[in-house]
Amino acid sequence: MLGQCTLLPVLAGLLSLESALSQLCTKDNVSTCQDCIRSGPSCAWCQKLNFTGRGEPDSVRCDTPEQLLLKGCTSEYLVDPKSLAESQEDKERDQRQLSPRNVTVFLRPGQAATFKVDFQRTQDNSVDLYFLMGLSGSAQGHLSNVQTLGSDLLKALNEISRSGRIGFGSIVNMTFQHILKLTADSSQFQRELRKQLVSGKLATPKGQLDAVVQVAICLGEIGWRNGTRFLVLVTDNDFHLAKDKTLGTRQNTSDGRCHLDDGMYRSRGEPDYQSVVQLASKLAENNIQPIFVVPSRMVKTYEKLTTFIPKLTIGELSDDSSNVAQLIRNAYSKLSSIVVLNHSTIPSILKVTYDSYCSNGTSNPGKPSGDCSGVQINDQVTFQVNITASECFREQFFFIQALGFMDSVTVRVLPLCECQCQEQSQHHSLCGGKGAMECGICRCNSGYAGKNCECQTQGPSSQDLEGSCRKDNSSIMCSGLGDCICGQCECHTSDIPNKEIYGQYCECNNVNCERYDGQVCGGPERGHCSCGRCFCRYGFVGSACQCRMSTSGCLNNRMVECSGHGRCYCNRCLCDPGYQPPLCEKRPGYFHRCSEYYSCARCLKDNSAIKCRECWNLLFSNTPFSNKTCMTERDSEGCWTTYTLYQPDQSDINSIYIKESLVCAEISNTTILLGVIVGVLLAVIFLLVYCMVYLKGTQKAAKLPRKGGAQSTLAQQPHFQEPHHVEPVWNQERQGTQ
């Protein structure tokens, strides 16, 4: 619980930080009011005269409204255009289901504009229904039943509208034929249906979805009115689609144009197939609401299309087709009670979302389309339309429409990327007669620049002059410590005593250096500061002049600085790698390395030059070194050699002195006698142990019992077998020959 309580303030802080960051005004490369308002939705411009001080850039005028007010700009001088929408009230509201008719939106990049669209459902004045049926061999039973439904269908349409009309078309062997234009004559509808015959083939009518698109786009041929439009497809077969990212695998894609010639669909030589995108687009574009009536075994297959086609209704066809009229009634009730608000194609820099407030009390904000269900006649629903732009744009138009209904809203979008400033032409004298006053700043004539057009440029603009007062594009003009006058920085006088500001960009001063003993550069007697660096007087060194130049602490007893293996800094040795402070005299482990030179010592002692080639870094000395000793080393013969190593200053070569005499251990007679005695004792002990073991074994053997006396033989043993000898045959033959 404590962790949750701790987390809440953190989350609140993060939200506050995000809100604060969203209100920041980024004003890179801003020099005019237009640049300012285009740089971000939170930026405003102050057009007050003389708002900036001497040398201050015009970008100071660009900031958030709150910051500009704090800087002394009053609200009357703020230029801060806001996105807004103006709706044109509909004088014919009672005759329309969707209002308003027109909306004009003024849109500033990054700042949303909102407006409301109301939809009120009324009874339809006109409903057109086109009946499209697949007539493959398997449709014989359905055709017979549908042929008697003409009056029932028209009666169903007139129940839901003031004027209903029906039309008919068929699909036979992948070919669509438009048979009856939309009409209010149910008898004619029935007569045309009775003329139809099913195909003798049982093949699937593969062109049925292409026929759906032809019905949708051939407006004149079908006879669609500006009212509610329904397309009923009755089929007992699967569908085929062109290859796209959703469904289907075929390759020949329809061109989306009307190809009816005297009622017959004329393809381009090979069958065309619709993609889901084409199908949904053409139905929505022409405001046609599809109803697909299929047998129960095909319902799940066709329901896949509902994901991609808005307001598509799938009905289950009974075995005797008697429920077609009721399916149409149910589909109309369902489709008419669902209101889906959508818009035509818009450029990618514009974004439109919808907040839906439905009649049943539900709401659905921030969606790419408006959506309310359960809308009954005379119910009103409201949609809030939100539109934003990512950048400045040209004038745009788009339309908002409720799918399945003819009414639409025309939206005109205009960019807010220019400043509407106060008239200031009377203040042209502030520009020295060489420019005009606009939005609080001088717009200089060609050849002049500067805050008051006081600089004669022969080409460079005011912005170019300001650029010469910056070290780089990311730096502040004159480092924020000076004024840019005609392209040159005039540095301010500091209010801190003895502080001086100077440099081409006012980037230098005489105080921002390292300190020693609480003073800049150790005080004036040690050095002085210039542009962030200490310049020391004679006798002092160091980044803060903290060190004296004396080297007494770096000299060894031979008066060599750091023993030649380092440098003296601040009277202390900084030793080279491998040498030890304080005077860099010996390497770490120097005495341990004596043993490494033992073989060289013996080699040099024996004066065997050929064997001593690996001792190139040793210099043999005949003179012993004072106070330089090494422990002695012993060889395999027991002789001890004493030698001394010495490394001179400023050299990596060791000198070696080897003591002339070898100390070898001598073997005395007493030592020999002791060795003999020990050997004899060990031999006697071995013989005694052997005899004792032998006697014990003999005694154990004598105690074993004897059966049958000493005459016992192997033949008496239970496992013994008498050997059997057979005389070789060759021996007998040999005797016979003899």
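Indices start at 1 and increase along the chain as displayed.
The backbone N, Cα and C atoms fix where each Cβ goes, and this holds for glycine too.
In Swiss-Prot, C562 is paired through a disulphide bond with C573, chosen from C570, C573. In sequence order, M437, C442, R443, C444, N452, C453 constitute the residues six or more apart from C431 (disulfide bond) in its chain with CB-CB distances below 8 Å. Note: the CA-CA distance between C584 (disulfide bond) and C562 (disulfide bond) rounds to 5 Å. For the pair N226 (N-linked glycosylation site) and C455 (disulfide bond), the Cα-Cα distance reads 68 Å. Nearest neighbour of C419 (disulfide bond) by Cα distance, taken over the recorded positions C33, N173, C513: C33.
Counting only residues at least six positions away in the same chain, the Cβ atoms of C25, T26, K27, C36, I37, C62, D63, T64, D80 sit under 8 Å from the Cβ of C43 (disulfide bond). Taking each of the disulfide-bonded residues C506, C531, C603 in turn and counting other Cβ atoms within 10 Å of its Cβ gives the largest count for C506. Neighbour list (C513 (disulfide bond), Cβ cut-off 8 Å, at least 6 residues apart, same chain): V520, C521, C529, S530, G532, R533, C534, A544. In the three-state DSSP scheme, N342 (N-linked glycosylation site) is classed as strand. Each residue of the domain 'I-EGF 4' (547-585) gets a DSSP state, and the totals for helix, strand and coil are 6 helix, 12 strand, 21 coil.
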